[in-house]
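Student: Following this message is one structure expressed as structure tokens.
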Amino acid sequence: IGGLGNRLKIVWYVPCLASLETIQELCRKENLTCKSLGITNRNLKSYEVEYLCDYKVDEGTEYFLVKWKGWPESSNAWVPLKNLNCPLLLQYFHRDKNEYLSRLKRGKAIILKNHIKALKPVVAQYIVKKAKQRIALQRWKEELNRKKNHKGTILVENTVDLEGPPLDFYYINEYKPAPGINVMNGITTGCECSHCPAEKCCPEEAGFFLAYNKRKQLKIQPGLPIYECNSYCRCGPECPNRIVQKGTPYSLCIFRTNNGRGWGVKTLQKIKTKRFVMEYVGEVITSEEAERRGQLYDNQGNTYLFDLDYDSDEYTVDAARYGNVSHFVNHSCDPNLQVFNVFIDNLDLRLPRIALFSTRTIKAGEELTFDYQMKGSLDVTSDSDAVSPARKRIRTVCKCGAVCCRGYLN
């Protein structure tokens, strides 16, 4: 709402009172298509294989139990292998089957022999769970890429366990302020530069140096703030002082870690040193509310509270339910990302935007991490590295595996 093209987007979440199968049956009865339900023009009146559930041999003929896309499980049917034209789904089926049998035999892969006439129920159940997980993660990936507002693609990968998408997480691209908190306050003018940087550009007006060099790399030390050109500035979108506001430029993958750290994030592209990687966003709440939520999160064994302590400790970012890819970035005592405070369309020192920059060159496929204690990222006027009360009630064991690991996250 307001000038400069700002718009208010309202999203409604409505719980379904009927099961997925019931809704699918109603759609087919009324001859309706619905992409979200898997009912398309292609399979409205015909059958398309969604995944394979089971295997058997009957009188020398191999059969697979097929789940039809957009049809309830009650419509599953045994189909001869010779009638199936789904090589990728067959590949998934055998891979999941051998993966399960391999785990049973402690790493020794077991290949299904032709003389075996049926799978054990427990094996078939695992294959179905993996198929449903694969579909759920694919839908989640598509949802994330619909909602993101940056150039890079988001992939999702889980080759570790049966964990699916988080049930109570909503992707956002910018801060979601709690009632009474204004994160778009304090900007009424901008620089008059036609080609930034110039004298009296935004950083100098704030009393600081331009944060970036000509290669879009940071040239300031941790602890110093970044002042970018804002929506009132005369310069255009190609201004070299507009970096964080353009969003993540890299393709990233949310993946399941294999050492008990839950989800993590890895880059799919090489990232050079001192480059902007992503912004940390979530709900902006008061420190009092953060303290209350922190007590609840302690009981769950995790927290996503990030104190906005550049100037004071009035506000905290909570990315537990609302956030972006940074929600899934793990801690490391030897991180490859560094936190910086950024001011763009809000000059309120209590409400900086939080940007993560690379501390070194990061190879494609490498996990992205930052130090949850954020040493070196505090205001340069601060003489304390202490974390907020919401972060230090219960000591959490660190699993980062770094040589310099401190042993605890807090």
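Just so it is clear, glycine is given a Cβ too, placed from its N, Cα and C backbone atoms.
Feature annotation from TrEMBL assigns domain 'Chromo' to 47-105. Per TrEMBL, domain 'Pre-SET' is recorded for 189-247. The feature Zn(2+) 2 binding site is assigned by TrEMBL to C191, C202, C229, C233. Positions annotated as Zn(2+) 1 binding site by TrEMBL: C191, C193, C196, C201. Here TrEMBL flags C196, C229, C235, C239 as Zn(2+) 3 binding site. Residues annotated as domain 'SET' in TrEMBL: 250-373. Annotation source TrEMBL lists S-adenosyl-L-methionine binding site at R261, G262, W263, N330, H331, Y372, K399. Under the heading Zn(2+) 4 binding site, TrEMBL lists C333, C398, C400, C405. Look at TrEMBL and you will find 394-410 tagged as domain 'Post-SET'.
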Student: Quick test of the contact rule: Cβ under 8 Å, at least six residues beyond the ends. What residues does that give for the domain 'Post-SET' (394-410)?
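Tutor: Same-chain contacts beyond the flanks: 259-261, 298, 301, 330-334, 369, 372-373, 387.
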Student: Restricting to the same chain and to sequence separations of six or more, state which residues have a Cβ under 8 Å from that of C233 (Zn(2+) 2 binding site).
Tutor: G190, C191, C193, C196, C202, C239
Student: With Cβ-Cβ distance below 8 Å and at least 6 positions apart along the chain, what are the contacts of C333 (Zn(2+) 4 binding site)? List them in sequence order.
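Tutor: Within the chain, C333 (Zn(2+) 4 binding site) has Cβ neighbours under 8 Å at D371, C398, C400, A402, C404, C405, R406.
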Student: Where the distance is taken from Cα to Cα, which of the binding-site residues C201, C229, C235 turns out closest to H331 (S-adenosyl-L-methionine binding site)?
Tutor: C229
Student: What does DSSP give as the helix, strand and coil breakdown of the domain 'Post-SET' (394-410)?
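Tutor: Going by DSSP assignments, the domain 'Post-SET' (394-410) contains 0 helix, 2 strand, 15 coil.
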Student: When you measure from the Cβ of Y372 (S-adenosyl-L-methionine binding site), how many other Cβ atoms are you left with inside 10 Å?
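Tutor: That number is 23.
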Student: Compare the C-alpha of C235 (Zn(2+) 3 binding site) with the C-alpha of each of the binding-site residues R261, W263, Y372, and give the closest one.
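Tutor: So, spelling it out, the nearest of the binding-site residues is Y372.
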Student: Out of C196, C239, C400, C405, which of the binding-site residues has the smallest number of neighbouring Cβ atoms within 10 Å?
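Tutor: Candidates: the binding-site residues C196, C239, C400, C405. Fewest Cβ atoms within 10 Å: C405.
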Student: Other residues with Cβ within 8 Å of the Cβ centroid of C333, C398, C400, C405 at the Zn(2+) 4 site?
Tutor: H331, S332, D334, K399, G401, A402, C404, R406, G407, L409
Student: Can you count the other CB atoms that lie within 10 A of the CB of G262 (S-adenosyl-L-methionine binding site)?
Tutor: 14
Student: To see if you understand the setup: which same-chain residues, six or more apart in sequence, place their Cβ under 8 Å from that of R261 (S-adenosyl-L-methionine binding site)?
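Tutor: N330, K399 - these are the non-local Cβ neighbours of R261 (S-adenosyl-L-methionine binding site), listed in sequence order.
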